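All remarks here apply to the structure that follows.
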Amino acid sequence: MPAPAPVKTLDGRLKMRDGNSIPQFGLGVYEMNDQEAYDSTRAALDAGYKHVDTAEWYENEEPCGRAINEWCKDNNTPRSEIFLTSKLMHNKTYDQASADIRKSLKRAQVDSFDLYLMHSPIGGPEIRKNIWKALVDAKKEGLLKSIGVSNFGKKHIQEMIDQGVELPVVNQIDLHPFMRHPEIVEICEQNDIILEAWGPLARAMRFDHPSIQKISKAKGRDVGQIFLRWGLQHGFIIIPKSVSPKRIVSNSQIFDFELNAEEMKELDGLDEYLVTDWDVVDVE
């Protein structure tokens, strides 16, 4: 299947293969301490964000969940309007994964996660199969509304296809103009698995690149907005991280302009397999 058409508003949603929908734009809270995670989540919700992405590994599920609950109460907003994602840290055993899911729910002060991901493919085929079954079963119990994976390579997705298991709705990987992962993108799009970019700004490592600077000036937009608009137009879910209220707002202001075909082609040509953080898509 082709990539989904990009949404037109900050709260716009993409439909996932399980019938549920996910806001295409959200806030990432990687490496934020408790106060930063709480304040950034509140600032993002104030700015109109409807999606927050945390993880057991980030050790900030609690402040994110608390911020969402308190914001919803303060703003008379149904909790169901805010989409919360978390992720499993360790791939060990079925029982451990089941227990860890429940611990994360308790920390985040929610009855269910809107989306829950295996954070990595580490562990080998048998462990991956058992952990995925734990997620599938937790979904059947109503603890997880949708389930997906993160940092899965082409062979890991193919493994799931070959096993005939329920496929993930999302694969969250490193995606930006300098890391395009075409093989992973292709197999996911062919199987209606939405791509999600965990580092859509490339950790600012290429903000001074001539092509980025040129397009930024031509559009009258900051370089971060160029990165984010590129991901949006490719149909990727994008979850930029920021602890700055000003930047949280500016990151979201990408729905009133478009990159033309020539600009998208130029950005597509920048791929250099730039590793900005974790790279485990090829593990056995």
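Glycine is treated like the rest: Cβ placed from N, Cα and C.
The following features are taken from TrEMBL:
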- 26-271: domain 'NADP-dependent oxidoreductase' (DOMAIN)
- Tyr58: active site, proton donor (ACT_SITE)
- Lys87: site 'Lowers pKa of active site Tyr' (SITE)
- His119: substrate binding site (BINDING)
Open item on the list: Just to confirm: which same-chain residues, 6+ apart in sequence, have a Cβ under 8 Å from the Cβ of His119 (substrate binding site)?
Closed with: Ala55, Glu56, Trp57, Lys87, Leu88, Met89, Ser150, Asn151
Task: the domain 'NADP-dependent oxidoreductase' (26-271) [mean pLDDT, rounded to integer] - done: 96
Open item on the list: With every protein chain in view, what's the tally of Cβ atoms within 10 Å of the Cβ of the residue listed as 'active site, proton donor', excluding that atom itself?
Closed with: 20
